[in-house]
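Visitor: Sharing a structure with you now.
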Amino acid sequence: MSTTIEYDVVVIGAGPVGENVADRVVRGGLTAAIVERDLVGGECSYWACMPTKALLRSASALRAARQVPGAREAVTGDLDVAAVLGRRDSFASHWKDDGQVSWLESTGIALHRGQGRIASARVVEVTGADGVTTRLAAQHAVVVATGSGALLPDIPGLREAAPWSSREAASARSVPRRLAIIGGGVVAAEMATAFAALGSSVTMLARDGVLPSVEPFAGELVTESLRAAGVSVRVGAEAVSVHRDDNGTVHIATADGGRVEADEVLVAIGRTPNTQDIGLESIGLAPGAWLTVDDTLRVTGGGEWLYAAGDVNRRVLLTHQGKYQARAVGDVIVARAKGEEVQDGRWGRHAATADERAVPQVVFTDPEIASVGLTAAAAEAAGLRIRVVDHDLGAVAGSSLHADGYRGNARMIVDEDRKVIVGVTLAGPDVAELIHAATIAIVGEVPLDRLWHAVPAYPTVSEIWLRLLETYGR
Ligand SMILES: Cc1cc2nc3c(=O)[nH]c(=O)nc-3n(C[C@H](O)[C@H](O)[C@H](O)COP(=O)(O)OP(=O)(O)OC[C@H]3O[C@@H](n4cnc5c(N)ncnc54)[C@H](O)[C@@H]3O)c2cc1C
Ligand SMILES: NC(=O)c1ccc[n+]([C@@H]2O[C@H](COP(=O)([O-])OP(=O)(O)OC[C@H]3O[C@@H](n4cnc5c(N)ncnc54)[C@H](O)[C@@H]3O)[C@@H](O)[C@H]2O)c1
């Protein structure tokens, strides 16, 4: 055991969230160390957001070109799979973290490589690959930003069949001829889209439906388009046993008596927190559990020095929202350390208020699903008196120009008591870039009367805003 190194703040986990926490802390004038056992940059950079979106982007560009006469005629071939995988490799930085390490160096954040474990209040021990343990003492705070890993269900034979998690899908070196996917959520839908476009024969076992947490019309559009792309979407099918035979073929049996054969099976049924081996037991918390936090990201029952941000607190499992939490937690640690005022009220600088009801997400399927805030079902469950306003996204001038046969739908949820928007879902080609306008309307609680004065440019797809307001009525 070496001597103890002291910092103001110690962050465990150098994913996008941990990096941003450390950055805010250092910008605020404190010293910070970050502990990472794998690659600096985390899941998002190497095995999640970036490589998966790179896998999807080429097919999406090809589809877009094929929907516009003139461009369509210029597209004469299919996807170049090797080029797609090559571009993906570069977006995953070839699974090397030199770039991110240089950034850490430039900001003055100290990096300690190894498994970080809380040893006692304010103390983190880091065990490196060489077995040497370094002790870090945090003057003000320890922030757990260890993220999440893929959840594996207890299906007989599944583990022995060496299934893919999202990691193997995102970093695949080749495209399996047949790919089975257990799950129907975001990872399953995106990877079915990507691998079908890359040439796999894909079967999706969507026990609870396709994208069950988005507005139903959006899930239906994606299901329809996956089927049109040749994906066998089996809604309601539950895998009950899995077996990989000596030839490498995976056999899956479903509860309804169905059978699926594949070369690889991807499991995408949600996440589990990376808290199994971070020393939580040393401070009386349960290993393996999600960490519950207050709005300033302080861990419930963890002592005033312990915070958790990003996937590990289960508030929202998305990079941008985790980074938003990181800004709040970094700033609140600095404020508390300096004895400055803590602004933890609703929408205060140090509170992650948007996590509750203003979270944007884009699912990069065909069509894209962009949403923010509440769905109609969620708003009703929350007891709001709402009006649901739907409009055909393909019926605005900008959409018809954007692509021939543009198909899509838009839904706006209005809180009738406050006359503000509390949810928006857009389903259609290239809607990703439209969603921020909705996020601003929701976070700003812009009254509908005022939104009439936010005039969308003609002829853009954004004219959907005007159509939604007209449908609602003035
Ligand atoms: C396939 C897939 C695609 C996704 N696509 C998107 C997307 O398009 N957009 C989006 O917003 N979100 C997306 N997400 C979600 C996104 O990846 C996560 O929300 C994000 O990575 C969370 O960041 P984080 O920093 O909390 O955790 P992570 O990125 O998981 O980083 C945690 C880091 O902590 C390290 N660590 C863990 N335990 C220890 C320890 N004890 N000691 C030292 N280091 C440790 C890990 O090695 C890791 O580097 C996707 C997720 C998946 C699975
Ligand atoms: N574009 C993006 O923003 C993006 C892309 C990928 C992942 N992510 C994030 O990563 C996280 C993980 O994604 P995910 O798809 O693994 O989880 P998810 O929560 O989106 O979907 C999991 C799905 O699996 C189903 N399921 C649960 N247990 C099952 C079982 N035993 N058998 C069959 N189905 C089962 C659930 O009903 C759910 O539909 C999500 O929270 C998501 O927000 C985001």
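Just so it is clear, glycine is given a Cβ too, placed from its N, Cα and C backbone atoms.
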Visitor: Looking at the NAD(+) binding annotation from TrEMBL, with Gly183, Gly184, Gly185, Val186, Val187, Ala188, Ala189, Glu190 already listed, which candidate in Gly99, Gly108, Gly114, Gly270 is the matching residue?
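Guide: Only hit among Gly99, Gly108, Gly114, Gly270 in TrEMBL's NAD(+) site, alongside Gly183, Gly184, Gly185, Val186, Val187, Ala188, Ala189, Glu190: Gly270.
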Visitor: Rounded to the nearest angstrom, how far is the Cα of Cys49 (disulfide bond) from the Cα of Ser148 (FAD binding site)?
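Guide: Just about 14 Å between their Cα atoms.
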Visitor: CA-CA, which of the recorded positions Cys44, Cys49, Gly116, Thr146 lies nearest Ala189 (NAD(+) binding site)?
Guide: Cys49
Visitor: Select, from Cys44, Gly116, Gly183, Val187, Ala189, Asp311, each of the recorded positions with a Cβ positioned under 6 A from at least one atom of ligand 2; if none does, say none.
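Guide: Only Gly183, Val187 qualify.
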Visitor: What is the number of residues in the domain 'Pyridine nucleotide-disulphide oxidoreductase dimerisation' (359-465) that are helix, strand and coil, as DSSP sees it?
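Guide: Residue counts in helix, strand and coil order: 36 helix, 34 strand, 37 coil.
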Visitor: Compute the mean position of the Cβ atoms of Gly183, Gly184, Gly185, Val186, Val187, Ala188, Ala189, Glu190, Gly270, which form the recorded NAD(+) site, and then list in sequence order the other residues of that chain whose Cβ is within 8 Å of it.
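Guide: Near the NAD(+) site, the remaining chain residues are Ile181, Met191, Leu211, Ala268, Ile269.
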Visitor: Cα-Cα, whole number of Å: Gly147 (FAD binding site) versus Cys44 (disulfide bond)?
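Guide: The Cα atom of Gly147 (FAD binding site) is 10 Å away from the Cα atom of Cys44 (disulfide bond).
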